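J.: According to TrEMBL, the transmembrane segment annotation covers 21-40, 75-99, 111-129, 135-155, 167-186, 198-219, 282-305, 320-342, 349-371, 377-404, 416-436, 442-462. The feature domain 'Major facilitator superfamily (MFS) profile' is assigned by TrEMBL to 27-470.
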Amino acid sequence: MGPAEPSKGCGSHDAAKPLTFPLLSVTLLASFGSSMLYGYNLAVVNSPAVHIKAFYNITWTKRYGQGLSPGLLTLMYSLTVSVFALGGLVGSLPVGVLVTRYGRNGTLVRSTLLVFLASALMGFSRALASPEMIITGRFITGIHSGVCLSVVPMYLGEIAPKNLRGFLGLVPSIFICLGVFSAQLLGLPELLGEDGHWPLFLSVVAIPAALQLLLLRWFPESPRYLLIEKNDVRSATQALRWFLGKQDVREVVEEMREEQQSLSSVQTVSVRQLLQDRTVRWQVLSVVVINVGMQLSGIDAIWFYTNTIFENAGIPAPEIPYTTVATGAIEVIAGLIGCFTIERLGRRPLIIVGFCFMGICSLGITISLVLQTAVPWMRYISVACVVGIIAGFCIGPAGVPFLMTAELFKQSHRPAAYIVGGSLNWLSNFTVGFVFPFLQMSAGAFCYLVFCGVCLLVALYVHAVIPETKNKTFVEISHIFASRCAFLARTPDLVHMSKLHGYGALESSSLEDSGSSQA
C-alpha cells in the first residue's frame, strides 16, 4: 500500500470550484495544438511505411546506381521513426530555462514555429528527392513535442483548481489518442494513404499549430508562475479571476503565498540541485520510474509498428488499415473513460490497473503469436491484445505520469522535474522505436515478454511507494513525502542486532509504533 496520508491542511475542505469556459477553452486549445501533434507524429509513419521505404530506395538508386540492402533500408526507416524521439529528448532539456524566461503560455506559443519549419521540410522532401529532409523534419517535430509534452501538463496543472487538476490534466492524453486516431484515419487508402499523398500526410501538422499560434497568445499566463516566480500579484490576480470566473480569489492567492513561503528560494532549481536534494529523492525516483515505465511498456512499439504487428498476426493486408483505425477509436474511448473517472477513482488506481492490463495483454500477444500456426483463430486474440494494450495505456499511463510530475513537486522544483522525467521518457521512446524491429527479428513473439515484465514492475512500485494525490494541494503532497522520508531515514536506528545463542537477531523492539510517523 502507499504511505499513509497526513491530515488535510487549510483549504482542504473548500467548496469545489466549477469548470469555467476559459479553463476548458485553454485546456482544449493547448491540447489540440501541442499534445495532439505528439500523438499524430507517433503514428503518422505507420501507414505510409511502404511508400517511404520505396522513396528511399528509388532516391538511393538515382544517387549511387544501386538500391539499398534490406538491412540498410531497415536501419534508415528505423532512424526515421526513432529520430522523432531523439528530437523529443533534445526538446525536453531546455524546458526549465524556457518556462522560467518565457512562462508556460509563452513557451507553447513560441514552440509552434518549429512545426512550420518541420512541415515545410517534410512536405517538399519528395519534390526535392531528399530523404534527409524527412529525417530532419521528424527530428524538429520531436523537439516541438519534447517541449510541449512537459509544458502543457505543467501549465494546466498550475491553472487548474485542485478538484479539477486530474480531469484537466488528462485532457492532453485524450488529444494524444485523438492524434494517433487522426493519423490512422488519414492514412486510409481512400484519404492520404496512397503513394502520391504521403508528403502532405506528414506535413498537415501545420494546421493545428497555426490555430494555437493565433489563439493561445490571448490567454493569460499561469497565475502560479506570475505570483511565485515573478512576484507579480496584480497580474496573477487578474489571471485567476479570468480562469476561475469570479472576482474574489483571495483564498487561492493565500494558498499560493503559503507555497511561496514554504520554499527556501523562489529561484528555480537546476537538475543537478534537484538530484542532490535529499528531501525530494522519493519524488524524483517516482518520476523516473513512471516516465521510463510509460515508454518501456511497449506502447511505442505498438504505435510505430501497428501494421507490421497485424501483418505478423496474419491479418489480411487489405484489412489492416481499417483494423488499425478501429484500435484508434477504442483508444480515444479509453482516454475519455480515464479522464472522466480520475477525480472519482484517483490517480493510483488508474495507473496501476492500466499497467497491469498492459502487462497481461503483452503476455497474451506472445502466447497467441506462438500458437497461431496451430490454432488459426489465435490471430484475433493478438488483435484483441493489441487493442487491450492501447486501451490500458490510454486509461491511465498515457496521462497520469505527466500529471503526477506536476503534483509531486513545488513550484521551484517542478521545471527541473519535468526535464528529468521528459528526457528519460524520450530516451526510452527512442530506444524502443530504434531497437524494436531488430528485437522482433531476433526474439520473435517473445520480445513482448520484456514489456510485460516492465509493466508489472511499474504497477508494483506505484502500489508500494506513490501516494494518492487526488484533491490535495502541492504543499500537502510535499508533506506526505516528507513524512515518508523521515520514516525511512529513522528506520535503521529502530533496528538493532543482539546476540541470541551466538547468532545475530532483531531485538524485541518493533517497527510497528513507527507507523504513526507516517500519519
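Count begins at 1; order follows the chain as displayed.
A Cβ is built for glycine as well, from the same backbone N, Cα and C atoms used for every other residue.
Each of the listed features needs to be described in terms of its position in the shown structure.
T.: For the transmembrane segment (21-40), same-chain residues at least 6 beyond its ends with a Cβ under 8 Å from one of its own Cβ atoms are 108, 111-112, 115, 141, 144-145, 148-149, 151-152, 155-156, 159-160, 164, 168, 171-183, 205, 208-209, 211-213, 215-216, 219, 242-245.
Looking at the domain 'Major facilitator superfamily (MFS) profile' (27-470) alone, the prediction's average pLDDT is 84.
Outside the transmembrane segment (111-129) by six or more residues, the chain places 33-34, 37, 55, 59, 62, 136-138, 140-141, 143-144, 147-148, 151, 198-200, 202-206, 209-210, 212-213 with a CB less than 8 A from a CB of the stretch.
Counting residues 6+ beyond its ends, the transmembrane segment (167-186) has Cβ neighbours under 8 Å at 19, 23, 27-28, 30-32, 34-44, 46-47, 152-153, 156-157, 160, 192-193, 201, 204, 303, 306, 321, 324-325, 327-329, 331-332, 334-336, 338-340, 342-343, 394, 398-400, 402-403, 406 in the same chain.
With a cut-off of 8 Å between Cβ atoms, the residues of this chain six or more beyond the transmembrane segment (320-342) that come close are 43, 46-47, 166-167, 169-171, 173-174, 176-178, 180-181, 184-185, 187-189, 193, 306-307, 310-311, 350, 354, 383, 386-387, 390-396, 398-400, 470.
Long-range contacts of the transmembrane segment (377-404) within the same chain: residues 149-150, 152-153, 157, 165-166, 169-170, 172-174, 176-177, 286-287, 290-291, 293-294, 297-299, 302-303, 306, 309-310, 313-315, 323, 326-327, 330-335, 337-339, 342, 347, 349-358, 360-362, 364-365, 367-369, 371, 421, 425, 466, 469, each at least 6 residues beyond the stretch ends and with a Cβ under 8 Å from a Cβ of the stretch.
Here the transmembrane segment (416-436) has long-range neighbours at 78-79, 81-86, 88-89, 91-93, 95-96, 142, 146, 149-151, 154, 268-271, 273-275, 283-284, 287-288, 290-292, 294-296, 298, 300-301, 304-305, 401-402, 405-406, 408-409, 447, meaning same-chain residues at least 6 beyond its ends whose C-beta is under 8 angstroms from one of its own.
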J.: Six or more residues out from either end of the transmembrane segment (349-371), which same-chain residues have a Cβ under 8 Å from its Cβ atoms?
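T.: For the transmembrane segment (349-371), the list is 290, 293, 297-299, 312-313, 338, 341-342, 378-379, 381-382, 384-386, 388-389, 391-393, 395-398, 400-401, 404, 444-446, 448-449, 451-456, 458-459, 462-463.
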